Amino acid sequence: MSYTFSMGEEQVQSVGDKSTCKLYSGMALAFCGNENDINAYNVDYGVLNNGCFVDALNLVPHVFLLFITFPILFIGWGSQSSKVQIHHNTWLHFPGHNMRWILTFSLLFVHVCEFAEGIVSNKMMTTNHLHLFMPAFMGFIAATTSVVYYHNIETSNFPKLLLVLFIYWVLAFITKTIKLWKFAEYSVGPQHLRFCITALLVILYGLLMAVEINVIRVRKYVFFANPQKVKPPEDLQDLGVRFLQPFVNLLSKATYWWMNPLIMGAHKRPIELKKIGKLPIAMRALTNYLRLKDAYEDQRTAEDPDRAPSIWRSMYRAFGRPILLSSTFRYLADLLGFAGPLCISGIVKCLESENKTTVSKDIYFGVHFMSSTELLQNSSVLAVLLFLALILQRTFLQASYYVTIETGINSRGALLAMIYNKILRLSTSNMSMGEVTLGQINNLVAIETNQLMWFLFLCPNLWAMPVQIVMGVILLYYLLGSSALVGASIIVLLAPVQYLIATKLADTQKITLEHSTDRLKTTSEILKGIKLLKLYAWENIFCDSVEGTRAKELTSLKTFAFYTSLSIFMNAAIPIAAVLVTFVMHHCINETGPSSSEAFAALALFHILVTPLFLLSTVVRFAVKALISVQKLGEFLQSDEIGDDSWRNGDMPVPFEAGKKHMGTTKAINRKQPIRYQMDSYEQPTRRQLRPSETEDVAVKVINGCFTWGSNLSTLSDINISIPTSQLTMIVGQVGCGKSSLLLAMLGEMQSMDGKVFWSNKNRYSVAYAAQKSWLLNATVEENITFGSPFNKQRYKTVIDACSLQPDIDLLPFGDQTEIGERGINLSGGQRQRICVARALYQNTNIVFLDDPFSALDIHLSDHLMQEGILKFLQDDKRTVVLVTHKLQYLIHADWIIAMKDGSVLREGTLKDIQTHDIELYDHWKTLMNRQDHGLEKDVQQDSQTTLERKTLRRAFYSREAKLDDEDEEEEEEEEEDDNLSTATIRRSKIPWKVCWCYMSSGGFLMVFLMVSSKLLKHSVIVAIDYWLAFWTSSKTSQSRPDFTNVTVTNDTSSQPTLAPDGSYYLPVFIALCAAGIALCLITSLTVEFLGLSAATNLHHNLLNKIIHAPIRFFDITPLGQILNRFSADTNIIDQHIPPTLESLTRSTLLCLTAIGVISSITPIFLIALVPLAVAFYFIQKYFRVASKDLQDLDDSTQLPLLCHFSETAEGLTTIRAFRHEARFKQRMLELTDTNNTAYLFLSAANRWLEVRTDYLGAVIVLTAAGASIWSSLYGLPSSGGLVGLGLTYALTVTNYLNWVVRNLADLEVQMAAVKKVNSFLGTESENYEGSMDTSQVPENWPRNGEIKIQDLCVRYDPMLKPVLKHVNAFIQPGQKVGICGRTGSGKSSLSLAFFNMVDIFEGKIVIDGIDICKLPLHTLRSRLSIILQDPVLFSGSIRFNLDPEKSCTDDRLWEALEIAQLKNMVKALPGGLDAVVTEGGENFSVGQRQLFCLARAFVRKSSILIMDEATASIDMATENILQKVVMTAFADRTVVTIAHRVSSILDAEQVMVFSSGILVESDSASNLLKQEESLFSVLRFSLGQRNIFCLCLHRVHTILTADLVIVMKRGNIMESDKPETLLEQEDGMFASFVKADM
């Protein structure tokens, strides 16, 4: 046997054993081939010189690995060896983990190339040579197995089994090296592809071998005596950490595989906060805060300590690395993006020149060796390369997005912690002087940090886009020459226009927001005063005022819609314009159209180019905003801080241990960091210093104190005081004399200009403080009172009783577990104040500071609090109490008194000292006490303020519960429909088509028709443009290729045009189609936006009308906040969010559908592959939509508590600092930030999960489309290169738009909830405004006399509720003055509403002047009667508007009404007179003045019937007397019905009606009823008198000298009890001493 090897074109000659050849010649497949002239199995020249044997040798390592690993993998094992509980599959603890995965992926790619090269080479041979591709195939399987095996070994912690892999890498390295050595020996060099592939494999196997050696070196699991022991990281031991992206392997990282259980699980059960768990330590706000703080503080140098550090530099140092990593991913993704157009060009070229391919014949070892370029001329190889490039590009792109988003979220968390830390140290004067406002802080938290976060999200675009643009232009030039530059220049030139549109959009949005705020303000006022509007029949007037504001808002919304449509139009039309210009130029320059391969590659490139230019405007806008935000943040971080506590106790430096008092509760400790990164370094407040105590009986001492609020003017001067320990100290003085300032100065809130504050040893940080302005947390009542202290049931109950909170708590729906505060229940001022005092009492501190705790309390509560809370509870505990008060009657209880005047101490001492040494001051106090007692008389006559507050609260809850019951019923109904979990699941994943249709129909059917038809037409024209381009380019190619058929069969065209030789036939049609496409782009973008605008207009109009004309019961049972939400958040979504989402959804859906249609029409075989792809897509979107909605809800619901925490901290800064609870509040802020960040990160990861999957689906569509085209051309099916290019270009667009379809669908689903909510209100029944009588039948002057007959009247609020008035019969004569009284809930107010037909009169009737009111149109009835309500209601506007919104009265009549109401002089003094401004709610007038305006309003109407519903409840005695006098004179000849809660106010009435439980029990004149001792009226009168006496008993001693019995009490105990004269005889007695003091 002999072999001769020769180079080049010569054939290999061999003389072989014929019998051997014959033996194998019958085999179609032979490992070494079976050519007749070659004996492939000859080994005469040495075994290694036989190429086939060397290839067979390469199979050995792969077979060895599979043989060893498969049994181990199939036997399987748990993770018994790792004893700690960890997340299985996520403990990646072998060194070089990521490197191994990257190398393995590279290995797989090289094996694919090797396999492709083998297959193509094999085709060149006359028989099949399995050894050319078999080792590559086995190598691919072995590499896959190696990584699966490694992953299992790693997660199960069995390092010894890695030895198998080490042996495999060594064997593979050796065999491949032998192959490479043989190639080199026979002069096979880098010009041959197989040589390059083998060299790469040698390198990869060598590197993997090195990785394996490194694992042995570090872990010492073999060849070493002591293997290394490892422990899982803290995060993985904590099973609460569910965000696993940082811990999973590279494949799971890239595909978000770890998210599968969460997203699939959401379909069965909603995702809750518990399910998403905690963040890993490295992502927590604390970790990032410390990183940013270090970077910030490091910039402060010793030479220039005051220099403001740069936030940009700090952020770069703290977060620069991930941004660089993200940018690298982005560059790789962008460069891989250009593989698409180039591969399309290559595939089309290959298919067009399939018949003319020239192949060089390089034969070595008896087989063909090809060059690199030859492989890239194979269309199948290009198709696979295109697929791999797309997969990689999308993976890198999503990785880039994820890293920037994670960095953005981390930086936001760090900035929030920085801002919060600063807030806690802000100087109080900054807040009080308005240098830093609450609004500014809220803006920093809600807007500026988010602007910075968004900038970081978009940051990599800044440097990636220029590269993308330059690369795109270069490739276009390479494809089409100079004509491409003209097209590209159009895109570049239009970029500034897009930026201009973007800025205009931002400006318009601002204006819209202003109008929207005005509209909301007006709507809110209307809803608050809806009862009055209905009673006065003014609904339509106010409805029109809202519509007027809405019209302005709609005008700016129209502008907004126009600019939005322009922006969408630019985005859609620019590529068409660029393509048009390019191809027209190309035709002019070259006098022919481009070839198919050039045309469709250029088309794909133009689509790539448009994206960065469209994004450019957004990125630039965000960059500008980020610069402004950083400037604001910088200014805030440099603002003044409160001084530390060192000045209080001399100048001893604070010992370091002082900072270690509170260990943080979170064990957020980074093991790698030094000890300073522990929680206690999160800037604990320095405590008040220890001081050698001079006198333990002094708690606080101020020496030569001079304090200021920031200006150089001192607020307090020459302060020398001592607060005695365990005693009650009272600070008194006039308003504004500095009492509160003194408390704050002692607490260190004021800036000290001179002097020192000393705290005794045990009191140094044991202070409780109740501020003058009550401050509540957004938490339960219990949490507000305990305020972080341990719960002690007995103590808690005592405090609740001392502050009289139990009756109020009983009214709350969930007792003391009800949430109060900004987001909770609105409590009245008094209730809020008592909770704050309860908080101070509950704390087990040595000192209690109370700043005017009685200011919002009535007399009964003040007394109770003083006796039970301060004198009994605090004093019994021997606590030091400092009380600021105006209630001088309590001075007798004080152990020490500090009297202040004009910012300095006037007098200090006991009451006796002052009585002895400063008689003038003592007399002044006595005078003031007498005045207070006069106020007291009035106070005790009326239902106490507290009773009213509780009544309001009860009403609020009664209505709320009714509403909740309704909602529960609805839910129960739904549950009955959906019995089991599966149907509920189906409901969660259903798209709300019904609501969508409702929204569309609100826009008007014409607009819907226009939108649908223009959209379909636009996409048809775009397809036509591309089809035409395909025919044009194919015609050119087919002319240059005579062997190619001229006939093109497609589904769209029945007959093909005759080909024109110069393409002049194609050009005009192409221009016309492009022009039509551009025009339709504009029309569609306009129709969608204006359809949205039309829908928004109609929905708001209908909602407003429905709400305003709803019965009053609707407002009783629907919380105001809920109604306002429909007008604010929901209307905003309908106005601004739904139209763009709808546009994007329809556009991306139609693009995907047209793409699939085009591909199917070109290669119908594609439809077979489409079925499994469609099924996969259906399940992906189904799972994602449900999970996305849940995560979106979680993100929204966790954001609000965070923002509220910031604003409530800023409001209660002095309280938090006084209590020394900074650390607890910081901890809470960190928890809230982390919770919100967790939700946001999961939402972002879910979006990446979706995008990776849809992108991979898109890549599969491209692969199948390319495969189908190649298959069709191979089997001779008629298809032109142009159509193949068209199909592939469309397939590429699918990858871009598939995820947008799902994302927009999910967004639209969330946004449609707003439409659903608005719709639920549109179903509200309106009041029946018509009536059975026509307006013309009612006399113009009705009611003329004011005669009222009530016949067998039964009234209820709702058909479902019990009657509130039962069979009432009464007769009121014309001009009679009638009083109606009864206990709370007896039906008094219900009768007043019945006069106006505001309630359901289901039996009986009310006849006024001969007409049954139920027959009258509502507007007529209500406009002819007058009413004054208990709560005075004024609207913002002018005085004229408030008196006469109908503009029907003359000025003289208005002045007359004001004169009667005693307001004329006051109004005349105002600037503008009748046109003087009334602020929202009439806040610029006192309550009494507001009530008088309401009286004037009633008089303007001049009705013969006036109803006063508890009209004097909220005004003082003097105003009430005026009001009663006015009513008696001005309404002398009219019927007046007074509903009274003070019996004294109706003692002069001609007729009194007494109600009890809805029944009229007594009706007669007041004098007659009082004569009957058993009458209910007498009982009511008597009980009031009793209370009067009791209250007086407490305070003015000399007024009860004539009483039959006197009881003297102290601290809850009866000290004396006898006749006054007997007690006076005992000179040492308490009563006698009181009388002396009082005289």
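Glycine is no exception: its Cβ is also placed from the backbone N, Cα and C atoms.
A quick note: this is a predicted structure, and the numbers were derived from the prediction, not measured.
Pulled from TrEMBL:
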COMPBIAS  964-980  compositional bias 'Acidic residues'
DOMAIN    332-625  domain 'ABC transmembrane type-1'
DOMAIN    700-927  domain 'ABC transporter'
DOMAIN    1023-1309  domain 'ABC transmembrane type-1'
DOMAIN    1348-1582  domain 'ABC transporter'
REGION    962-982  region 'Disordered'
TRANSMEM  59-78  transmembrane segment
TRANSMEM  99-120  transmembrane segment
TRANSMEM  132-150  transmembrane segment
TRANSMEM  162-180  transmembrane segment
TRANSMEM  192-211  transmembrane segment
TRANSMEM  452-478  transmembrane segment
TRANSMEM  484-502  transmembrane segment
TRANSMEM  560-587  transmembrane segment
TRANSMEM  599-624  transmembrane segment
TRANSMEM  995-1012  transmembrane segment
TRANSMEM  1065-1088  transmembrane segment
TRANSMEM  1150-1180  transmembrane segment
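Distant neighbours of the transmembrane segment (192-211): 96, 99-100, 103-104, 106-107, 110-111, 113-114, 117, 121, 139, 166, 169-170, 172-173, 176-177, 179-180, 183, 362, 369-372, 374-375; these residues of the same chain sit at least 6 beyond its ends, with a Cβ under 8 Å from one of its Cβ atoms.
Each of 700-927, 1023-1309, 1348-1582 was scored by its Cβ pairs under 8 Å to the domain 'ABC transmembrane type-1' (332-625), and the highest score goes to 1023-1309. Same-chain neighbours of the transmembrane segment (1065-1088): 562, 564-566, 568-569, 572-573, 576-577, 579-580, 583-584, 587, 593, 1007, 1010-1011, 1014-1015, 1017-1018, 1021-1022, 1024-1025, 1028-1029, 1031-1032, 1035, 1057, 1059, 1139, 1142-1143, 1146, counting only residues six or more beyond its ends whose CB sits under 8 Å from a CB of the stretch. Within the same chain, the transmembrane segment (59-78) packs against the transmembrane segment (162-180): three or more Cβ pairs sit under 8 Å, each pair at least 6 residues apart. For the transmembrane segment (1150-1180), same-chain residues at least 6 beyond its ends with a Cβ under 8 Å from one of its own Cβ atoms are 1015-1016, 1019, 1022-1023, 1026-1027, 1050-1052, 1250, 1253-1254, 1257, 1260-1261, 1264-1265, 1268-1269, 1271-1272, 1279, 1283-1284, 1286-1287, 1290-1291, 1293-1294, 1297-1298, 1301-1302. Looking just at the domain 'ABC transporter' (1348-1582), the mean pLDDT is 79.
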